[in-house]
Amino acid sequence: MSPFNLDLFGDTEPEQPPRREQIGAQACVLRGFALPWLESLLTALEGVLTVAPFRQMVTPGGFTMSVTLSSCGALGWTTDRSGYKYTHNDPQTGQPWPRMPDVFFELAQAAAREAGFADFVPDSCLINRYVPGAKMSLHQDKDEGSYAAPIVSVSLGLPATFLFGGFERSDKSQRVPLLHGDIVVWGGVDRLRYHGVLPIKDGHHPRLGEQRINLTFRTAG
Ligand code: SIN
Ligand code: FE2
């Protein structure tokens with residue numbers, strides 16, 4: 001056998017499935033994009049959650065959200081009876097939100113670039129924890145100071161069905177299955193689309209157990 005026939009490229013699939021799925025003119029799913037970052041991402045996440053643990057939040061309408069939340073970065077998204085807002089400090093401790101770990105920032109920026117948004121500079125990462133049954137109703141992300149930057153949304157743990165709708169709540173939504181490591185990016189003409197998550201099904205994820213964690217990166221300030 002010639003040395004050139006060594007199995008140097010033998011692990012390469014002859015045909016890779018498409019890793020990028022367009023769900024809008026400026027919206028896509030990057031399949032498995034977070035996987036190479038995973039272990040450092042989870043280590044950094046653990047550090048953030050030690051300082052700012054998951055907590056329940058109440059909507060302005062008085063409903064307790066089924067997801068529990070935390071944040072890191074210069075600004076953290078919160079909700080209470082007085083409204084939705086970004087704050088510099090964690091209302092629970094009065095201290096600044098934990099700084100955004102470099103690995104978070106780098107992953108979000110790389111995903112945005114891959115999706116066609118150069119120079120994404122997120123200053124906020126909302127961390128949502130879903131246990132089976134938890135969901136996110138259809139909503140628009142519109143508490144940010146500007147809509148020029150995209151949203152970068154990382155899925156970890158249990159699978160989810162992401163709803164990606166139109167510009168009215170009543171518009172029909174696409175149902176997009178999301179798996180551990182997938183990233184959804186939407187911006188530009190798609191920035192204000194309604195989106196949500198169907199109730200998470202019972203299950204056990206080998207790395208994260210009985211939960212789904214979502215990291216939502218935004219330029220809020
Ligand atoms: C969100 O829109 O805040 C969360 C989306 C998700 O969990 O995938
Ligand atoms: Fe959202």
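In case you wondered, yes, glycine gets a Cβ from its N, Cα and C as well.
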Co-listed Fe cation-binding residue [TrEMBL; alongside His139, Asp141] among His88, His195, His204: His195
Rounded to the nearest Å - Cα separation of Tyr86 (substrate binding site) and Asn128 (2-oxoglutarate binding site): 15
Other same-chain residues whose Cβ falls within 8 Å of the Cβ centroid of His139, Asp141, His195, the recorded Fe cation site, in sequence order: Met136, Leu138, Gln140, Lys142, Ile151, Arg193, Tyr194, Gly196
Spatial separation of Asp141 (Fe cation binding site) from Arg169 (substrate binding site) - C-alpha basis, Å: 13
